[in-house]
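Below: the structure, in structure tokens.
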Amino acid sequence: MTQIIKIDPLNPEIDKIKIAADVIRNGGTVAFPTETVYGLGANAFDGNACLKIFQAKNRPVDNPLIVHIADFNQLFEVAKDIPDKVLEIAQIVWPGPLTFVLKKTERVPKEVTAGLDTVAVRMPAHPIALQLIRESGVPIAAPSANLATRPSPTKAEDVIVDLNGRVDVIIDGGHTFFGVESTIINVTVEPPVLLRPGPFTIEELKKLFGEIVIPEFAQGKKEAEIALAPGMKYKHYAPNTRLLLVENRNIFKDVVSLLSKKYKVALLIPKELSKEFEGLQQIILGSDENLYEVARNLFDSFRELDKLNVDLGIMIGFPERGIGFAIMNRARKASGFSIIKAISDVYKYVNI
């Protein structure tokens, strides 16, 4: 039986937080909000507790977890050999949506790191998350609080749909702020390597680190062979409805015209294009002028698509600047790499 606890995200009630913290300390699982998406947490020092996360999510065990901390003392409990520059940067950017991959200490069990000698760590910028970690007295390992392959949850209702009856506690702390998962960067190598784009942008990373490596899998153009961090290797973020991603905006209208003749479609578009496609089902992602709004609505939109009873979702591409890079990473993966750059690409993915 899952206990659902509603907590004020701005002024978390300590008595309610303590209920969830007791569950963490006793080897249980708690879904909780962060500034990015909801996470499903367990004691990061308890391998058996962390296995419950994988079981609840149907998550492959070779897909590592992010360890969430509330202070720098906890950082040194889970990570070692941290470069001075990385420590300086962490003091600037934390709490915030940036995860570092570092060398792990012996205290971190293999269940958290998928047997690797590295650990992904971040300090979340959310009052409920920070208070939960503090009251638990241990770092909390947590991936997103959804069934594996499904869109990450940005509100408690989505967590309840996926995980009610599968976890001990779900904290309802309202809608998350960013709507996409944290940026992950591997700082055990030089230059650092971007493993997953997120709210902390490439432009911001370059200001802090100088040169960074951006592999193809970080762009969402292919899967990584080994998962050093979440979101690298497996199908992610996907609605159950087939999703096509039209990266070339110049042909979007033609693609929609072609597909809507044979299929029942829903369009995932910015509000600026809404009038142009009147008469077709639409999910408005936000405004072209505010990509943070688009990111915040992205996973909600994928879940909304599944409620519309259509054959296909057709999503338009967005500029890969700022958080747009993370939007396109998630969209490519959600589409199963069904990416349309020319009209001829349509025939690769759909029978016309």
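Heads up, the Cβ atoms here are built off N, Cα and C, so glycines get one too.
Site annotation for L-threonine in Swiss-Prot covers THR36, HIS68, ALA142, SER182, and the matching candidate from ARG107, ARG122, ARG166 is ARG122. In the three-state DSSP classification, THR118 (ATP binding site) falls within a strand. Checking each of the binding-site residues THR36, HIS68, ARG122, ALA142 against ARG59 (ATP binding site) by C-alpha distance, the shortest gap belongs to ALA142. Annotation note: HIS68 (L-threonine binding site) sits in a strand segment as assigned by DSSP.
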